[in-house]
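Asks: What follows is a single structure, and I will ask about it in a moment.
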Amino acid sequence: MGNGTWEGCHVDSRVDHLFPPSLYIFVIGVGLPTNCLALWAAYRQVRQRNELGVYLMNLSIADLLYICTLPLWVDYFLHHDNWIHGPGSCKLFGFIFYTNIYISIAFLCCISVDRYLAVAHPLRFARLRRVKTAVAVSSVVWATELGANSVPLFHDELFRDRYNHTFCFEKFPMEGWVAWMNLYRVFVGFLFPWALMLLSYRGILRAVRGSVSTERQEKAKIKRLALSLIAIVLVCFAPYHVLLLSRSAVYLGHPWDCGFEERVFSAYHSSLAFTSLNCVADPILYCLVNEGARSDVAKALHNLLRFLTSDKPQEMASASLTLDTPLTSKRNSMARAVAAGWVASPPSQGDQVQLKMLPPPAP
């Protein structure tokens with residue numbers, strides 16, 4: 001891979017060496033544990049044959065892969081945009097970093113469309129809301145986004161400027177093929193999914209407004225969920241794509257015009273850093289989108305808190321962090337029956353629990 005010196009634009013990498021790494025450190029600290037928890041909860045939903053869990057699990061996996069690249073980007077910005085880890089790692093981590101943006105947008109779009117079908121056409125498109133269908137759609141998303149964003153892997157992505165800074169996945173001004181690829185990313189990777197999300201939101205609003213059986217509180221929750229999907233994409237990704245489109249359009253109109261690149265350099269880096277907030281917003285979205293997920297997450301957090309605050313950690317570990325089994329479920333059912341005035345005869349293994357009513361107390 002070549003990394004020769006080129007006479008590019010004069011961009012001052014010192015002006016933004018604090019904000020992006022600070023934001024990335026925050027995302028690592030918050031996004032890593034919350035996405036691990038979301039991944040576990042999504043897996044539980046998939047085991048319950050919930051197709052929504054498939055999309056949420058893939059979203060968590062993409063976020064975790066992205067978070068794993070952030071320590072090297074923190075180091076990159078702290079060294080004033082100077083990549084010191086070699087060309088191979090630049091290609092790999094840059095590829096994961098930028099591809100995650102469009103994988104996340106695609107899965108947010110899948111969630112939005114899935115919710116539209118569930119609310120507006122619960123019976124008509126029931127076959128499209130099966131786990132097998134969600135797995136197939138997720139496979140197509142991964143294959144499409146990985147393939148579409150793999151072009152930089154076949155080009156040089158390390159560039160050394162006149163000040164001996166080695167840029168990774170950045171060149172000012174950009175190259176011609178990069179400008180055209182950016183247009184594809186903006187219109188196909190960002191605007192098209194966002195348009196589908198807007199249409200889904202409109203369809204959800206019409207379906208909810210016309211439903212007489214849905215309670216007002218439930219209608220508000222559905223609207224809030226659909227709007228939160230659109231807001232995540234708009235807040236996290238729109239500023240970056242506005243600047244990406246502007247840089248690409250200016251280059252295609254006036255190649256090697258450094259004035260615009262130098263003016264937007266700091267804003268561009270800040271908008272790129274803002275895309276990482278998606279990894280913090282996604283787990284919050286996960287709790288909003290699924291009632292069972294909220295219950296799973298709340299139960300896990302409660303058990304973890306009890307474990308951390310218990311005087312007997314080993315006892316709490318065995319008592320609080322044990323997953324339900326058929327046997328423990330039976331025991332819990334028996335306990336609830338006794339509390340309600342029922343007595344359960346001790347069941348043998350594989351037998352059903354036999355319940356007998358207590359006789360009324362003697363007068």
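Here the Cβ of each residue, glycine as well, is placed from N, Cα and C on the backbone.
As the structure is a computational prediction, the values presented were derived from the model and not from experiment.
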Asks: If I look at Swiss-Prot, which residue among Asn58, Asn164 would I find recorded as N-linked glycosylation site?
Replies: Asn164
Asks: Determine from Swiss-Prot whether His85 and Arg49 lie on identical sides of the membrane.
Replies: no
Asks: Does the structure show the transmembrane segment (173-210) and the transmembrane segment (50-80) touching, where I'm treating 3 or more Cβ pairs under 8 angstroms (sequence separation 6 or more) as a contact?
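Replies: Contact between the transmembrane segment (50-80) and the transmembrane segment (173-210): absent, because fewer than 3 Cβ pairs are under 8 Å.
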Asks: Please report how many Å separate the Cα atom of His269 (site 'Proton sensing') from that of Cys168 (disulfide bond), as a whole number.
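Replies: Between the alpha carbons of His269 (site 'Proton sensing') and Cys168 (disulfide bond) there are 13 Å.
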Asks: Counting CB pairs under 8 Å, which listed stretch among 9-45, 50-80, 86-121, 215-250, 261-289 touches the transmembrane segment (130-156) the most?
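Replies: If we count Cβ pairs closer than 8 Å to the transmembrane segment (130-156), 86-121 scores highest.
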Asks: In this structure, which of the recorded sites His155, His165, His269 has the fewest other Cβ atoms within 10 Å of its Cβ?
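Replies: Across His155, His165, His269, these recorded sites, the one with fewest Cβ atoms within 10 Å is His155.
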Asks: As a test of the contact definition, list every same-chain residue at least 6 positions from Cys90 (disulfide bond) whose Cβ is closer than 8 Å to its Cβ.
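Replies: Listed in sequence order, they are Trp83, Glu157, Leu158, Cys168, Phe169.
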Asks: Which residue among the recorded positions Glu145, Asn164 has the fewest other Cβ atoms within 10 Å of its Cβ, if you could check?
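Replies: With the recorded positions Glu145, Asn164, fewest surrounding Cβ atoms within 10 Å: Asn164.
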Asks: Compile a sequence-ordered list of residues in the same chain as Cys9 (disulfide bond), six or more apart from it, whose Cβ lies below 8 A from its Cβ; state 'none' when nothing qualifies.
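Replies: Long-range Cβ contacts: Phe172, Pro173, Cys258, Glu261, Glu262.
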